[in-house]
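Student: So that we are looking at the same thing, I have put the structure below in structure tokens.
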Amino acid sequence: MIAEPAHFYLFGLICLCSGSRLRQEDFPPRIVEHPSDLIVSKGEPATLNCKAEGRPTPTIEWYKGGERVETDKDDPRSHRMLLPSGSLFFLRIVHGRKSRPDEGVYICVARNYLGEAVSHNASLEVAILRDDFRQNPSDVMVAVGEPAVMECQPPRGHPEPTISWKKDGSPLDDKDERITIRGGKLMITYTRKSDAGKYVCVGTNMVGERESEVAELTVLERPSFVKRPSNLAVTVDDSAEFKCEARGDPVPTVRWRKDDGELPKSRYEIRDDHTLKIRKVTAGDMGSYTCVAENMVGKAEASATLTVQEPPHFVVKPRDQVVALGRTVTFQCEATGNPQPAIFWRREGSQNLLFSYQPPQSSSRFSVSQTGDLTITNVQRSDVGYYICQTLNVAGSIITKAYLEVTDVIADRPPPVIRQGPVNQTVAVDGTLILSCVATGSPAPTILWRKDGVLVSTQDSRIKQLESGVLQIRYAKLGDTGRYTCTASTPSGEATWSAYIEVQEFGVPVQPPRPTDPNLIPSAPSKPEVTDVSKNTVTLSWQPNLNSGATPTSYIIEAFSHASGSSWQTAAENVKTETFAIKGLKPNAIYLFLVRAANAYGISDPSQISDPVKTQDVPPTSQGVDHKQVQRELGNVVLHLHNPTILSSSSVEVHWTVDQQSQYIQGYKILYRPSGASHGESEWLVFEVRTPTKNSVVIPDLRKGVNYEIKARPFFNEFQGADSEIKFAKTLEEAPSAPPRSVTVSKNDGNGTAILVTWQPPPEDTQNGMVQEYKVWCLGNETKYHINKTVDGSTFSVVIPSLVPGIRYSVEVAASTGAGPGVKSEPQFIQLDSHGNPVSPEDQVSLAQQISDVVRQPAFIAGIGAACWIILMVFSIWLYRHRKKRNGLTSTYAGIRKVPSFTFTPTVTYQRGGEAVSSGGRPGLLNISEPATQPWLADTWPNTGNNHNDCSINCCTAGNGNSDSNLTTYSRPADCIANYNNQLDNKQTNLMLPESTVYGDVDLSNKINEMKTFNSPNLKDGRFVNPSGQPTPYATTQLIQANLSNNMNNGAGDSSEKHWKPPGQQKPEVAPIQYNIMEQNKLNKDYRANDTIPPTIPYNQSYDQNTGGSYNSSDRGSSTSGSQGHKKGARTPKAPKQGGMNWADLLPPPPAHPPPHSNSEEYNMSVDESYDQEMPCPVPPAPMYLQQDELQEEEDERGPTPPVRGAASSPAAVSYSHQSTATLTPSPQEELQPMLQDCPEDLGHMPHPPDRRRQPVSPPPPPRPISPPHTYGYISGPLVSDMDTDAPEEEEDEADMEVAKMQTRRLLLRGLEQTPASSVGDLESSVTGSMINGWGSASEEDNISSGRSSVSSSDGSFFTDADFAQAVAAAAEYAGLKVARRQMQDAAGRRHFHASQCPRPTSPVSTDSNMSAVVIQKARPAKKQKHQPGHLRREAYADDLPPPPVPPPAIKSPTVQSKAQLEVRPVMVPKLASIEARTDRSSDRKGGSYKGREALDGRQVTDLRTNPSDPREAQEQPNDGKGRGTRQPKRDLPPAKTHLGQEDILPYCRPTFPTSNNPRDPSSSSSMSSRGSGSRQREQANVGRRNMAEMQVLGGFERGDENNEELEETES
């Protein structure tokens, strides 16, 4: 099986070997001829060659793009044929836009059985040539000689076509070197006229050729002149013709122009042959004229000069002169013409001519200067006669003559002097011109006036020359505008003064020629003194006259010399110093000088003429020098002056060349002067260059922006050569350095709101150039009122329209040159009234008047009225809401009638210390250390009791049983207000008591039985009685939150049927608890079914260690204090806003297993052992204590002591070690079950309560002043306005029945309810800012009165002393109630009576937002009394009893220091029974704790005198002896650590009051032992179902021996 395959393999191998031997000559194919790339035209045949060899002969196949090519072998109809040689032949190339089957890359493959061979790639491309040229050549137009370029881009094609050009249908000869074809561009470098023609671009490739569009080359010819104009010289009034002929292609246009100006209007014409003809040529027609030939290719110019030959005319004519014998005289003669005429002199009758270029002869006394002046020296009598001056040029000649008179004796008098000449003026048409000319001289000068060089004709009636020389022109016309010259002449010479006068049509006020105030013009300077003299220079000095006139700003120097003429010449001006060197004087000449001072207002009178001064003589020239030769050679010197170079605004550089030098050139004189019509023919200024080789110089100190004419002249000593030609140069401009003058602003008559602004240009020397424009700013008091105007430099007025009336505008004007605007003028103010008339400065109203005008505007009055109306409406709305809120509270009081346990006190807000103190609705302590915070009942409460004598009850007596008339009468049964005025005598400080009574009397006489607060079974004849029928002190009810009212109302209906049965067994004692009313009400509901009590419920408030105040940390809804009984007219400052917070949300959940509560039946106290009935009202300290061991005899001097209010508003400051004897009736909803437990006998045996921390609350405000030592009553019942005022007498029986029914109910002690302090957070806020239960007071007179009672209410007051409890007990005694006293036994076995104390709880309805909720508190059902005396049994409805609350964690608050030291003052503190009694009482209660709610009223037991560091020492501290009673002996207390931290929360225990021997620190947790108190209860059957509001439970009070002790309290 294995060998059989091997046979097969062997056989195959043999066959293979035998086959290879048979075909050894075969070889695989190879390509011999590869195909090549082809470019073929569409539709043309093509062949792709491919040749291969091999054995056997290989077969050839073609592939295109990787796919086999189909040939005729595959398809006979195919246009592709495979030739035998292997080549691929295309019959025609198929090529379309969408289908290109033949184009591509081909390969040929040769195969045989040995293999295959592949050729190279060969591409077959289809040649194309499109028809459209990518760029056709465009027409070109060039001038002869310019290059011409034609661009062409052939159409797209493959292969790329080549370009050639045709001209006029023939191929272009590119052999011409001027023609270049590159990249399709045809370029002809230098065109000729023969190159013009039509050109075509031709594109060619294998497909064919394409021709572009025809482009034409146009060759134009620039203009050229056939005949040019030539220079002409003609005389004046002749005609001048300039010929001009030009050619070009196209034919050029020909025009003429004058290089330096315009062609003379109406005197020239251009003929058809382009010839320019000027008729009546004038001298102004001289210049260069240019013929301009221009066509579309270019232009050509040809110029010619016209010279106008002007006959000479005299500029200065000689005048007759009188000269003394032997003197020198000069005749001036100056002429101009074109060319410059020659001047020569001759004496009439003589043929001898004297020329200016003639050298002077030493023997001759006659000479002619270069300027043409004839000078005769050493005049002789034979020189008398006429002398003729003649001028001559090619245009003509003129002559003039002057007479010389020679006298024997003649003074060398100067010419006259013009003291005051005319000034430039601008007047309105029909105005009057006054031109003054005051001249002095000897003899008196003759004054002549010329206008523009022509004598003014006086034949015109408008023109008159006065004798003084003044020229007066009335009714000025526009034609009177011109330059006026005053000439003053005498035989010795003349003086001239010119001014320019302009007459305008409108708006130019008449200006006086000189300022009317002479102090504005400088006075004449002093006589000039000569300090230095040279050949050509004289130096002068002078002093200004500062005694009168204004201070000069510059000076003008004038000089006179007979050698220079017969008139005064201005030698220098604008001289800034008092010393000046005058240059350019003639040698060997006598000169006189005078000086004038000048400022902006004018020129002063001339100074005195200086002494004559003679310049030095010319130094003699070298010997042998011929003067004639010097003059001749200087005359042949020719200077060529170049165009000056402008260097700056005040300097110019001048260059010149000398054509022919001379040895007699000593230097050059550069003469320059301002040119232009405005400057006139001013004198030439000379700048000498004494270096002959120098050919340039810089002329300094030129005026800015002025056009100067400059020329040069060679000189040699006194000899001078010919002048060069004149050149012009203009210095650079600068902004004017002075403002325009005489700026005026006036009302424009044409427009009601337009003004006219006029001005004069700045002084010429300050213009610093040509004024091109004036800028006018009209600025209002706001940007939107600004108006700017710009006018040209020749305009001196502008109208500014559209001014806003009432706006004060300031107008400023500034001149502007090419360098910019210059200095602004002084602002001119104008204001238009509502009628468009200018308001004078006197008429401009003051600011107060403007305000008054605004106030009188109807719109303003309407706006004020609308604002007042809005304010009134807002106030009305606020008042309505305020009253509505009060009415809402009043309507809520109606519910108080239904619930006897509700008490509410409206408030009056006072302002004390700059802050709001609200007494309404803010429960808290009454701090005697804070003055002026006592709340008052607003007198707006109606007093319905008309007979106060019947029912008024005076709380306190003055110690003798008489009522104090200074106190307000109260009429609330069983309530007492202590009169402390008689107790303090000299201890009342800072009292802010009102002058009159502010209490409202509430009349309860008509319907006392309807007063639900008193409608209890124990109410009899208007007095409260206990079950045994004895009158009992009234215990007020307590406020609760508004959110409890609904629950109370709902549970009132069935309250009588639901009885709570306390457990009979006694339960172990637990730690005292403390909580606030919110926690109590909230938590008791949850634990109503549970019979256990949490150990501690902290108060939700924090304590201030400085003030003893407490901070309220709850946020309860209440109404504002401002809505509760404000007194009319009382100012209620706004209380500071405090952020509200709902602190109830922060309370933790109750514990799962609260501790059990005490058995209330353990509470046993005799009601019979009560206070004595006669007790004077004590002075309440703050905090007030009830001291034990007071003498019984003190009770006889006191009035009834009201029950102690709840003083313990801060848990950290109070420890309750005595149980209160006040039995207060809580409502079912606020069953204070945890509070009805006994405190330990002594807190010293009680371990420290756990450290509690309080939540920080808002910081307290600054401390308040000390309160006065008066405590005012608080009404604890419904308002009189809410009661029926007509209670009948017949309802007394019903009251008796109710009293009988209530005897079966047990009296429950009111639980201690901590009052949340206000959000202000200090003690004052918890005292005056709280609404607390008030106390009424009963006087002895009311014991026998009817049931009527007048109820007075005071808001926010609070008793903080134990005397308040004594007052209540005394009131109960007065009312016929038997007050029980508890007999105690101390440690030594001694028995004594201990007065029961129970501080009145504070109100729970104060909130952080200073709101007081009106809460209807339901009466707690009276408890059934057991048979054993002294014990109380609780009887309540199961559904209404709340479970004990869970104690939340204590919240710690930061201690806030008081900002002011409170006043130290003595206070009256009642003494309590001895400590032994308390010890004994504590020992009696060790067996169990009381479960009753008798101890719910707490009191703060603090004494500011106590040292907080050692409570035991504080206990042993003796009385200071200031009390009225006898001090009790000191007793030792069991040692106990009773101090708690100031921030600790103390457990609740029934409060008592420390003795004077045992004061307590406010921060200490009191170590006093607690003492229970009970009420004597009698069993009463037939307890029916009653309204909860009618169930009042009265508390019994024990008698106690108490004394008042005066304590000093210090608060820091």
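Cβ coordinates come from backbone N, Cα and C, glycine included.
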Student: Say a student had to find the N-linked glycosylation site annotation in Swiss-Prot: which of Asn781, Asn1410 would be the correct pick?
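Tutor: Per Swiss-Prot, N-linked glycosylation site applies to Asn781.
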Student: Swiss-Prot annotates one residue of Asn788, Asn1100, Asn1164 as N-linked glycosylation site; which residue is it?
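Tutor: Going through Asn788, Asn1100, Asn1164 one by one, Swiss-Prot flags Asn788 as N-linked glycosylation site.
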Student: If you check Swiss-Prot, which of Asn751, Asn966, Asn1343 turns up marked as N-linked glycosylation site?
Tutor: Asn751
Student: On the DSSP side of things, how many residues of the domain 'Ig-like C2-type 4' (312-407) fall into helix, strand and coil, could you say?
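Tutor: Its residues divide into 3 helix, 52 strand, 41 coil.
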Student: May I ask which of the glycosylation sites Asn121, Asn781, Asn788 is closest to Asn424 (N-linked glycosylation site) if we compare their C-alpha atoms?
Tutor: Asn788
Student: If I take the alpha carbons of Asn788 (N-linked glycosylation site) and Asn781 (N-linked glycosylation site), what is the distance between them in whole Å?
Tutor: 14
Student: According to DSSP, does Asn788 (N-linked glycosylation site) fall in a helix, a strand, or coil?
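Tutor: Assignment for Asn788 (N-linked glycosylation site) reads strand.
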Student: Taking every protein chain shown into account, which of the glycosylation sites Asn121, Asn424, Asn781, Asn788 has the largest tally of Cβ atoms within 10 Å of its Cβ?
Tutor: Asn424
Student: Over the span of the domain 'Ig-like C2-type 2' (131-218), count residues by DSSP class, listing helix, strand and coil in order.
Tutor: 3 helix, 44 strand, 41 coil
Student: Provide, as an integer number of angstrom, the distance between the C-alpha atoms of Asn121 (N-linked glycosylation site) and Asn781 (N-linked glycosylation site).
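Tutor: So the Cα of Asn781 (N-linked glycosylation site) lies 94 Å away from that of Asn121 (N-linked glycosylation site).
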